[in-house]
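Listed in TrEMBL for this protein:
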- 129-177: domain 'Spondin-like TSP1' (DOMAIN)
- 548-606: domain 'Spondin-like TSP1' (DOMAIN)
- 684-740: domain 'Spondin-like TSP1' (DOMAIN)
- 948-993: domain 'Spondin-like TSP1' (DOMAIN)
- 1196-1249: domain 'Spondin-like TSP1' (DOMAIN)
- 1423-1462: domain 'Thrombospondin type-1' (DOMAIN)
- 1504-1528: transmembrane segment (TRANSMEM)
Amino acid sequence: MMFCGVLGWIHGVSSSGISHPLSLAGHWGRCIGDCGSGGVRSRAVWCTHAEGWSTFHANCDQRDKPESQRRCFKVCDWHLELFHWEVSGWDRCGLVPAAGAEAGAEGCVTAQHGLQRRSVRCLQKLNGSEFSGWSPCAKGCAPSLQHRTRAVIAPPLYGGAPCPNLTESRACAAPACALGEEEHTYSLRLGPWGECRLPHPKDTELPGRTMLDLGSDSGERSTPGLAGSHPHHRAGEVEIGYQTRQVRCVRSDGKHVALSLCPQDPVPVTSRSCVIPKDCSTSEWSPWSSCSRSCGWGSLAPGFRSRRRRVRSVAVGAGTPCPELEEREACGTGGKALLQPCPRFAWRTSEWKACQVSLLEQQDPRQQKQAGLCGGGIQTRVVYCVQILVEFGTPRLKEVARPVDGKLCQGPAPPSSQVCHLPCPAECVVSSWSPWGPCLPESCQHPLLFPGFRMRQRQVMVDPVGTVAGCPHLVESIPCEDPLCHEWVLSEGTCVTDRGKCGPGHRILKAVCKSRRGELGSGRESTLCSELPRPEVVPCEVPCARDCVVSEWSPWSPCSHSCSSKNAEGTQSRSRSILALPAQGGKACPPEQALQEQRACNDHPCVHFFWETSPWSSCSEDVLGTALNATVSWSGEATCGVGIQTRKVFCMKSSSGQVTAKRCPESVQPEAVRPCLLPCRKDCVVTLFSEWTPCPTACQPGNATAVKQSRYRIILQDSASGGQACPDTLYEERECEDIPICPVYRWKSHRWSPCVLVPESVRQGVPGQSELCGHGLQARAVTCLSELGGSADVGDCVHWAGPMPALVQECFVPCKDDCTFTPWSKFTACSSDCEATRSRRRSLTGRSRKRDKCQNTEVYPQVETEPCPCEVFTSQPHGNWSDCIIGGGPSELQPGMPSQGAAKECGQGVRLRAIACYDRSGALVEPSRCSSSGYIEEPCTVPCPFDCKLSDWSSWSPCSSSCGPGVRVRSKWLKEKPYNGGRPCPKLDLKNQVHEAVPCYSECNQYSWEVEPWSPCKIDSEQNSLHCGEGIQTRKVRCVSTAEDHGVETVPSTLCSQAEVPETVQKCSLYCPSECAVSEWGQWSPCPQVCDPNIMQTRTRQVLRASVGSKPCPEVSQMKPCILNQNCFQYQYNLTGWSGCQLGANATCGLGERRRLLSCRRSDGATVSMRLCQRLGLEKPVPTSSRCVVGCAVDCQLSPWSAWSQCSHTCGVGGQMVRGRSVLLRAAGEGRRCPEQLTQHRSCPVKPCYSWLLGPWSPCTVQGGHCGDGLQVRNLTCVVHDASASATSRPVENVLCGDLPSKESVLQLPCSVPCPGDCHLTEWSEWSSCELTCINGRSFETTGRQSRSRAFIVRSPENRDSCSGQEMETRPCPGGKCYDYLWQTSPWRDNVRTVWCQRSDGVNVTGGCPVRTRPAEIRRCSPACRKPFSYCTQRGVCGCERGYTEVMRSNGVLDYCVKVPGLEDKKADVKTIAGKNKPVNSKMHDIFKGWSIQPFNPDGKLKIWVYGVSAGGFFIIIFLIFTSYLMCKKTKQHQSPPPQQKPLTLAYDGDIDM
């Protein structure tokens, strides 16, 4: 406590040296913190004793503690671009003061050091626009001001300087007031209307009450409350009071004067009736509705909830209007339990339906052959969307098999159609019948127990596909007698004579037991033939030398018939010929009949038998289980067990039908039962019904048609194999139940009350207003009624019946001097003529009938006439024609109605063009007045695409080759060419045909040459009397085909190989008697498979009769080498090329088969029978067939057209309706491509647009006065237009525009007209453009700013000091731009130029540009040009006037000006005067000034060339003086000026006059 009073916070040192408590603080630190005004700087503060030592802070008084922190402006780098130094000019130089003296106190005696000062401020760049032009001066002689204003375009920021004055004013030069003219003017100022007040209770007893209870239906008068009491406000209650205002007379200098100085007729109204304002009242808010989002799935998007309130009473007068009646807010979980996961949705599909080939056909459906269609086709399925639920807490997905709206599924939908293949049915193809076999018993083990049969077979060449009928029977049989399983096959030996070399003898027969089925019997099996007779020796004869020689028997000819009948029996023959004639005494030749033999053949009857079968039955369950152990190979769909198939088997007779089974061989009887795999039973699978389409939640009018809802389900799998059939009902419809009917409420308006005027007590004292008449207000009650007529809440009518009818209206109580009339009568009736008019009348009433002024019909008309409304309308087409719409006119094309049935793509249609309908006055009306549809209709045609049409295929041609591979051909020819985008034709030949060739193969032994035996050798008897020797023999040759059941059939010879035609004529020898006779040559021995010329082939013949004499027999053997392609051939298989892809008979595309054929080719190139290659056992090449695909020409398939959309505009022009379709299947191959047009548009009928049109605000009008408070009004008009840019609006009845869009305050605004001498603010300027704070063109802000301002206007000089104040507003704005501010200068003019700041968008501004970089406005030379005849040039350096040249110092500064010598005094004077009065600033002067030659070096010494020029000039001057003297001596009267001294011009500055 001992230090108390002598300790203190030390913060400085006193200059007096007296010890007292001090506070001490350190220096302020750096400003830290946020950029701008948010910075903080700190300093240290400590407590110290007066003697200088420090102590604890507690020892000092805490109340006196200096601040240790203060706010500061933190300057960041980017601030340097926003602020600039404002520097004033240097002030007068003052002496440096001595100690304790003031600066500049002493005078300057001699050159001394002094001080200059200037102010330096850091300012933020501030922007303001340029000043406007000066306002005009007031008329008259009173002193007045004119002003000009500017607006703020950028506010001060970051502590910048405030905006300067936005107004400048200056006094007008007013003329002196003339005699009798007043200096001041006077104006009548109207004050604002006061508050609406209820009159004093005693005034309510006067006629015309002021308060009405409008809550009752009767509208009777109600008694007001007592004085000072406040009546209870009920709904619908209107109170009428009064309000007043002041009227004063104001002089032009703003002073109030006597009202009599402002004469005004009529006197302005100072009181009027008004409505006591009453605010709208509403009920409390209803509870919040449930949240619209009841589930969540990863998304944080909130739901919404809402609440409502009702109107209890509407606002009256200037009361507060009703607030919003509905409120919405976002809602979420709110921290409660987690929301259930929202359902997810996914695409699902049904199974593929059966492949439909007919969908690819483009012909008329009536001509389609539905049966037998095969190949490529299209199959479809249903694609639908289902809901997938994720059970809470489990990852398992649960699917709800109920279709939902496809819009809920994300991503592309799976395809609903695809190309498929339907196998083509193939008929069974079988080979030709084999020859009939021998008569065989059915069983060789027990041949006696079974009957015998002869049989023939054929093989299946192509298995059947997709046909109910299988292959035909493959075995035929004929019963026969004496069936044998085996037989002896005999071969003859040579003939051995009994005696000698010729004569009778015998042949020994070699017998081999052979199976009649074609198997050789072994030695053991020879016992099988032991029971058969076996001839061992056959007699024979060898001709002797003189005997006749006969050839061996020829082979038996083919049987003439394949079977025997009553009319034809089979026969065959053989023959032999005479080879040598007998000699005398020898054995004679046999007669001619003995040379022929004939026998019966194929003596079995032509009737044959075969087994026939019915088609297999369907696979059914095997009740007995016989098929369970059977082995069945099965590929395909899932199976469910083994079943059996059965069929009937019966024996058929070829001619008469079914016979007993004994007639057919039992060994080849087909099976009647076989095992099979049972297909699984498939029940029909359908989805659940979809949810019912929602019924409308909003209420419906009572007369609305019944609303229906529907649901559907989808077949996922059709039933099969006896499964449960699909239901018939896939679509259900029903009427919506419990749809709320909109309640019907209506406003009921009651009678208007009598007109309520201002109370008489208020009117007293106002001149000319003692009579109780004039303008007032009248009110009425408006109540809300329900549909049944009962009373209802006001809120119900506000919600359902529209705006409330007016409660108050203006009224007029005529004064005794006013004219009164009856109400207007109704308008007279109109005729049908559009030129007619209608009128209405009124008449004067009471005393008005006797007043003359009321008889003036121009002022008070008693008849009104107007033209009759005319129902004549004209239409104009509007917009372009629509696309050609197939499928009906506008009646079938209403919005929301989808197209029905299959979508037609072409044909007859209609195109539409919207119309606009106008009435007689040119106003737009509903288009239905001109056309029921609102369109002009015009038929149109969309050309249908036609595909190339060809004829049906012709029949196949025969195979081009009779032996080996060939070609069969068929063709089509063009019937119609394609057009309009139809499928193109295949490549056609010159005959407009297209051909198809397929390979074919003809067996080489199918057709063969048949030869008859050679005729007897014919000897030419004229040359040979012995009738023996060389001769000619002939035979017949024909081409035959061995057809089934017909034996040998002659065919055209062209079918047989022309290279192998047998000889029909040959030489022969008939051996003469006693000659050696030999047989015919035998066959050549075969050559080896590999031809070798060293190997010989031989042939032999036998000697049949030896010669009588010694003449030798001819050779009996011949040999020749085996030469390739002469008598030796090699064979190999040959493959043809692949054929084209061959489809089934009725297929147009899809899977097919291509083939190549196998043939046997001889080494010389000839195609021979396949048996020759088969006999050699050659390896066959594979494969000879393969699968192939012919691409299907799939046409584009489109969905039906969607419903027409709603019009894009509710009214006016430019509205469009659109409908679309989607691609279901893309085109493939040569199919028709999808059209480019997948949407169609049509213009909407031009409906009239009705809207309220606000007129412009009127000037501020002060009714009955000159200035003060008045009103601005604007009109609200209902207009009709077509919403186009160039639309002209025409006024129409207000009913067409519906409810008023705004309240009365929108149509009237209070305003004021300033009186002379008043100060007032201007209107707000326009908002400036949005600007960002930027550095080097880049901004660190996201939002910009824009500003506007109001300037203060001073009218009277007397009020200039008392008026102040201006207003500025700034608001954020989105976006914004960066602007640069640059100094702009005008050209120099007399060393003066204009400097201003300009923004980069071209706006001239005040502020914004840095002051430190401001260019100079006045150009001064430094140091100043004080030398005689010098001036400051444009370049800012001192130069000499015209007629003088500069002499410069070594530092480049002008030293003095030298007059150019040799100039005439007059001229020099002129130049001097010109130079003194006006420095030459022309550009030309500066150009030549740059060319002046400086005679001095920088060090001040004369240049060397100057001495030379001076010397030369001196001699020239002497010469000129001498010459002048001689000339002047002769003619003194004609003196001429001396010539120019050219050498001196080098030092001249280039004056252009020289």
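Cβ atoms here come from the backbone N, Cα and C positions, even for glycine.
Any TrEMBL annotation is an automated prediction that lacks curation.
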Please work out the helix, strand and coil residue numbers for the domain 'Thrombospondin type-1' (1423-1462) from the DSSP assignment.
0 helix, 17 strand, 23 coil
Tally of helix, strand and coil residues over the domain 'Spondin-like TSP1' (1196-1249) according to DSSP?
0 helix, 19 strand, 35 coil
Helix-strand-coil residue split for the domain 'Spondin-like TSP1' (548-606), DSSP-based
4 helix, 19 strand, 36 coil
Secondary structure composition of the domain 'Spondin-like TSP1' (129-177) [DSSP: H/G/I, E/B, coil]
0 helix, 14 strand, 35 coil
What counts of helix, strand and coil residues does DSSP assign across the domain 'Spondin-like TSP1' (948-993)?
0 helix, 17 strand, 29 coil
